[in-house]
Structure formats: structure tokens, C-alpha cells
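To keep things clear, I will list the structure first and then write my remarks on it.
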């Protein structure tokens with residue numbers, strides 16, 4: 001009898017084990033499917049975003065090359081080793097053609113201003129064309145240095161702490177693409193509003209057809225010398241589009257480079273934040289100090305390369321903010337003109353403030369490790385920690401505009417004060433009727 005009971009117990013245990021095994025296999029299969037799904041997502045994200053600045057900024061550089069800027073070969077290459085600059089490529093010739101067209105347009109704008117009388121309205125296109133012409137030359141010069149700069153950047157990235165997940169790895173690319181999309185979309189919206197306000201709500205019609213009248217107004221510097229023709233009007237409009245993109249791209253490029261440099265400092269600070277309260281060996285602090293020094297040297301190299309572009313960005317923004325604030329005193333000729341004008345003014349101020357905040361963030365992120373060193377325990381405060389603290393406190397890590405000014409948070413108040421001062425001076429010489437008066441524009 002007891003043999004029968006034992007066999008029943010064995011069969012019952014075997015059935016339980018089989019059921020438990022089936023449930024375990026199902027859980028394992030479910031877990032494997034989930035891991036394969038995660039691995040597939042991570043592989044796709046690694047293919048799209050390898051965490052490098054070169055991969056993150058490459059789509060923006062492709063867009064810039066469509067408008068004649070940054071003629072570098074290999075911007076879509078998998079690594080920075082595919083980058084090169086050659087004088088005989090179509091990108092370089094296209095960029096030179098772009099600079100020549102801007103120079104051609106600037107000469108006609110100067111001629112138009114000299115014959116029509118120098119005032120606020122006639123000087124504005126000269127400043128606009130001149131700043132973009134200088135920036136285009138700076139971008140051409142930067143394209144020659146870009147491969148070397150990206151090689152140094154990649155060398156710094158490889159020695160930083162690795163990313164914890166693919167989400168961390170794609171963070172830089174996602175941020176750069178988001179900022180670029182927002183800024184370019186707003187600039188396109190501003191340009192479309194300017195066309196709508198000029199074509200459908202025309203104040204000073206120059207021809208019977210509203211489109212021809214708009215083309216005539218956009219290319220007035222050409223038609224001051226040549227008789228009106230549609231092809232020349234569309235050529236002037238094409239130059240206007242190229243100039244508008246170039247003007248917005250100056251600020252966009254400065255912002256994206258600042259985001260990339262801040263990200264390097266943030267990666268180092270993140271690791272330091274996790275380990276700073278533990279007594280770490282001397283070797284760890286040597287690693288942190290050398291990595292920090294390599295990032296600082298890269299920031300200095302980038303500052304030497306883009307300080308001219310930075311100077312143009314801040315100078316042109318201050319000038320046009322003063323000019324737009326002066327125009328805001330006047331009465332708008334129509335509701336559509338008011339919508340376009342105040343949207344343009346808000347976009348200009350917001351873009352300028354974004355440049356200031358993103359660029360000054362490099363200085364702020366470079367100071368973060370110094371605050372963390374106060375948390376080092378006494379037993380772990382070694383000579384290498386003191387050496388790192390001395391470097392952090394003595395270094396002035398920031399981007400500059402041709403070394404005339406360093407971009408920090410304090411610069412925001414200085415720029416605001418300068419704008420108020422210039423505005424008070426300009427108001428003394430302001431004549432309200434010249435802003436929208438048609439006869440004044442024809443003189």
C-alpha cells in the first residue's frame with residue numbers, strides 16, 4: 001500500500017515540477033523577448049546616436065551646406081575620421097559663390113544708401129549684409145579647421161566616463177536636434193509672416209501686381225540701377241532667403257557648440273557627483289584633473305576658432321534689438337504688420353537671450369566641480385584634490401567674442417544696460433514719419 005502512495009507522491013511532484021518548469025520557461029521566454037526588444041532599441045539608438053558631438057551636429061551641418069555655409073566633406077560620416085576640407089570640392093566652390101553673391105548684394109546696398117541718403121532705413125541693409133558677409137568668411141575659415149577640432153573633440157569624449165544607457169547616449173543629439181528644429185521653425189515662421197504682411201497688406205505699392213511690388217521692394221538696391229525684370233526680382237528674393245538663413249544660423253551654430261561643450265563638462269561632473277563623498281585614491285583624482293584639463297583645452301581651442309562668429313552674433317543682435325525697439329514706438333500701418341513686427345521682435349530678443357544663456361552655461365558648468373570639492377571627506381582630501389581645486393578656482397573657462405568680452409551670466413545685465421543707453425540716445429534723433437512713410441522711402 002505504501003508503494004502506491006509513494007508512486008502517487010512522485011507523480012504529483014513530477015506534475016508540479018512540470019507545471020513549475022512550464023511557468024519558468026514562459027517567464028524566461030517573456031524575459032528574453034523583452035531583452036531582445038530592448039537590445040533592438042538600443043542598437044537602433046546606437047546607430048542613430050553614438051553619443052558623439054560629430055554625430056549629433058551633422059544634420060544641422062548638412063542643412064547649412066545647402067545654404068553655402070561650412071563646406072566640410074564627410075559631415076554624414078560614421079566617425080570624425082571621415083571629415084576633411086578640400087579647396088577643389090563643389091561645397092567650397094558653392095560657398096565661394098555664396099560669399100560672392102553676398103558681396104555683390106552688399107555693394108548695391110551701399111550704392112543705394114549713398115544715393116538715397118544715409119538714415120536709419122538705408123543703413124540697416126548695409127549692417128545686415130556686412131555682418132553676414134563677415135560671418136560667411138568666418139565659417140569658410142572654420143571649415144578648414146573643423147576636421148582637426150572634431151578629432152580633438154572625439155579624443156576628449158573617448159576618455160570620459162561611459163554612458164550608463166542608450167537614453168543617456170542619445171541625450172546630446174536629442175537636445176541639439178530639438179533646439180535646431182525650434183529655432184529654424186520660428187525663423188521660417190517669421191519669414192513667412194514678413195511675406196504675408198508685405199504682399200497682402202502692402203502699404204507702399206510700387207507696382208500694380210502685389211507680387212511684383214514685393215519683389216521690387218525686396219530688390220530695391222538692384223532696381224535703383226537696372227530696370228525692373230522678374231528674373232532679377234526673384235534673384236534678389238533668393239539672396240534675401242540665403243541672407244535670412246545665414247543670419248539665423250550664426251546664432252544657432254553658437255548655441256549648438258555651447259551645448260556640446262557644456263555636455264562634456266556635465267558628463268565629468270556627473271561621475272564626480274556620485275563618488276565625491278567617498279574617500280577615493282590619488283589615481284582617481286589624477287584622472288578627474290587630467291580629464292578636466294583636456295576639456296578646458298578643447299574649450300580654448302573652440303574659442304579661438306569661433307570667437308569671430310561669437311562677436312558677430314552679439315554685435316548684430318544688439319544692433320537690431322535697438323533698431324526694432326526704436327521702430328516699436330511708431331504706429332503700425334495694419335494689424336498684419338503689427339503681428340509680424342512684434343513676433344519678429346519677440347523672436348529676436350528670445351534668440352539673443354538664448355545665445356547668452358547657452359553660451360554662459362559653459363562657464364557655469366566649468367565651475368560646478370569646484371562646488372562639489374567641498375563635499376570631499378577629510379580622509380580623502382589628498383594633494384591631487386588641492387591641485388584640482390586650485391586649477392578650478394584660477395581658470396576663467398568661458399567663450400568670448402574676439403577676446404573683447406567673456407560670455408558669462410553677468411554679461412546679460414551689461415548688454416541690457418547698453419541697449420537701454422543706446423535706445424535713449426536714438427530716441428533723441430528719432431523721426432516717427434520716416435519708418436512707414438512712403439515718400440521718405442523713395443527719397
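Backbone N, Cα and C define each Cβ position, glycine as well.
Nobody curates TrEMBL annotations by hand; they come from automatic prediction.
Of the given residue ranges 338-362, 363-387, 388-412, 413-437, TrEMBL assigns the label transmembrane segment to 338-362. Of all ranges given (246-265, 266-285), TrEMBL attaches the label transmembrane segment to 246-265.
Residue ranges 5-26, 27-48, 93-114 are listed, and TrEMBL annotates 93-114 among them as transmembrane segment.
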